[in-house]
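Since the structure comes first, as structure tokens, the remarks are kept for the end.
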Amino acid sequence: MSPQTETKAFVGFKAGVKDYKLNYYTPQYQPLDTDILAAFRVTPQPGVPSEEAGAAVAAESSTGTWTTVWTDGLTSLDRYKGRCYHIDPVPGEDNQYICYVAYPLDLFEEGSVTNMFTSIVGNVFGFKALRALRLEDLRIPVAYIKTFQGPPHGIQVERDKLNKYGRAILGCTIKPKLGLSAKNYGRAVYECLRGGLDFTKDDENVNSQPFMRWRDRFLFCAEALYKAQAETGEIKGHYLNATAGTCEEMIKRAVFARELGAPIVMHDYLTGGFTANTSLAHYCRDNGLLLHIHRAMHAVIDRQKNHGMHFRVLAKALRLSGGDHIHAGTVVGKLEGERDITLGFVDLLRDDYIEIDDDRGIYFTQPWVSTPGVLPVASGGIHVWHMPALTEIFGDDSVLQFGGGTLGHPWGNAPGAVANRVALEACVQARNEGRDLAREGATIIREAAKWSPELAAACEVWKEIKFEFPAVDTLDKKKG
């Protein structure tokens, strides 16, 4: 051993592997207002104590690695390390815990969801000492929130742009999602909009395929919405999907939509990525475009209860990155979504301040200060019989989208749109009169169908259609 090496070996550095809990489990720590707080569902491998598992998560998602390194002495780990500061056993599970971790704000680049997630949900999710790991919730401090632009416009600005108040926004996804020519696609858009819908929508996987290139689709959809506006006297829109293979191409498509005078564009924020989404959100605010967000790929990340990331975290991340609408499940349709959990993250999207609420799976109080709200979108397997429940669950500040529930009408697209508009307005009127939508919903729809043949036909077609399967992602059992 050289004298130089020998000196380093004996000056405050002891090589080797230490238990994570010696440095990263700190139950005495009081989180700071500026810390990012995370609640992880941790399932350790057999024989791994909960304290070691929680500390490993804190270490591997912040400053730690598997062995002691001499460069630890060149910085202040106490300033920068993540800390597991509290652990709760999960009721009803033998070896599963909710581990709470605090991260100093200096670990994260300002205004970057990409950087935040690279640390918090990075390599630690493949850590061998853990059988499974799920990020249940985040507390984003106000100091970090203020480094983000957030949604391009928000709920109130959108209502003012559209001149639509006192009810949910009504939409429709054009079907079939793939295979239509641009002209036939535009025809379907026109029929739905003139029938009474506020918006129509590109499906998430409609980008620029050989059967329908994006520029052709944009042109025919613009023609359709202008024609429908002229006939109805209402402001209309179509979510033009700007998602593309590169950020440059995505912005080019958004620019063309703006040049056509379209009011709104769309992005698939998970497959497109947070960097691309934030860039598009900034462009939309600067150029007066609304931004609709689809969550394609979310169930790969959030559906399994023990591993991945809960959608409430993805919803918070979207509010930071930017979007005016985001799909949020339906509770009553064909897609996963338990009522209490769904209402929890719907409030996280819309409200300025949300309290801890175990009954809805909200682990942290979350203030949003001046960040605009995001409209939740209910879409997927819904039809006119669901309208009372959707109105009661989501309220006015939402977007209700009926794809098959519009284009599947036996008389065509426009009558399908009429049926949905009549059903929505009947439910809003009944609610405003003090009627109980949960109890009287079917009666309200039948009464409205007496003076709307379009609604009566829709009621007959979908009277037996239900999607009743138990939810995969459920709230934990209560203690005791």
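A Cβ is built for glycine as well, from the same backbone N, Cα and C atoms used for every other residue.
Among the features that Swiss-Prot reports, active site, proton acceptor is placed at LYS175 (among others), with the record citing sequence analysis. In sequence order, ASP203, GLY403, GLY404, LEU407, GLY408 constitute the residues six or more apart from LYS175 (active site, proton acceptor) in its chain with CB-CB distances below 8 Å.
Swiss-Prot lists LYS201 with the feature N6-carboxylysine. Under a cutoff of 8 A between CB atoms, and with a sequence separation of 6+ in the same chain, the neighbours of LYS201 (N6-carboxylysine) are GLY171, CYS172, THR173, ILE174, HIS238, TYR239, MET266, HIS292, GLN401, GLY403. According to DSSP, LYS201 (N6-carboxylysine) is assigned to a strand segment.
Among the features that Swiss-Prot reports, Mg(2+) binding site is placed at LYS201, ASP203, GLU204, with the record citing sequence analysis. Around the Cβ of GLU204 (Mg(2+) binding site), a 10 Å sphere holds 22 further Cβ atoms from the protein chains shown.
Annotation note: HIS294 (active site, proton acceptor) sits in a strand segment as assigned by DSSP. The active site, proton acceptor annotation in Swiss-Prot covers HIS294 (among others).
Per Swiss-Prot, the feature site 'Transition state stabilizer' maps to LYS334.
In sequence order, GLU204, ASN241, MET266, HIS267, ASP268, TYR269, ILE326, HIS327 make up the list of same-chain residues 6 or more apart from HIS294 (active site, proton acceptor) whose Cβ falls under 8 Å from its Cβ. Cβ-based neighbour count (10 Å, all protein chains) for ASP203 (Mg(2+) binding site) stands at 18. Within 8 Å of the centroid of the Cβ atoms of LYS201, ASP203, GLU204, where the record puts Mg(2+), the same chain has further Cβ atoms from THR173, ILE174, LYS177, ASP202, ASN205, VAL206, TYR239, ASN241, MET266, HIS294.
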